[in-house]
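The next block holds one structure in the form of structure tokens; read it before the comments.
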């Protein structure tokens, strides 16, 4: 059993490196080793964050970016899950869909930005389409992989107990594939923000990416850093949310049990 002190150290350990980096960053800025034209001090970044927050501009852009990300992820994730289920559960579905999907997956979706702008312009549809496209493939692949790697002995045993069709899917196939599906979700959440960052910096008139690009035009490096930190925090928040869902939905799986840390 870990002592309370060890438990506390394990909880705060992930913050040691970020706090150390910020401390060195502030020191380098204070003594003049780091020019504010290259990188503003942490104090300057906090001031810029407070100014943008007080004016409401930051929250407006944050809400728009979050809306784009969630809508795009919902569309792409749903399509990826459905197509993955079809390919994973049906050999004919795999023959019909998998080759085409794999060909599309090997085309970098961000390379389609010029074409997407021609199709949709710079309105919301373009960003949502790119996010949906970027999040579709990780969930599709991991859904297919999860279904195909279910222990066939479990499936046969369930059938011997009279399970088939939808009950078999709900009680055996879906729980067995869920760990792999959640891995796909976590990958997709990372790609969601990556795609949105690029899309908003190229074709947008609102959002955090637009805020950063607009600040660049006026050499406001503090605002650019605020935008970068926001993207990092949003990505971390999305990953933590996925981890919590894993622990909730997979609490029956010993691999996802919360264990006491031991040293």
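Glycine too: its Cβ is placed from the backbone N, Cα and C atoms.
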Swiss-Prot annotation: residue 8 and residue 211 on one membrane face: no
Confidence summary for the topological domain 'Periplasmic' (209-217), mean pLDDT rounded: 86
Considering the transmembrane segment (44-64), which listed stretch of 103-122, 188-208, 218-238 counts the most C-beta pairs under 8 Å: 218-238
Intrachain neighbours beyond the transmembrane segment (69-89), with Cβ under 8 angstroms and 6 or more residues off its ends: 97-98, 101, 127-148, 169, 173, 177, 181, 184-185, 188-189, 192-193, 195-196, 234
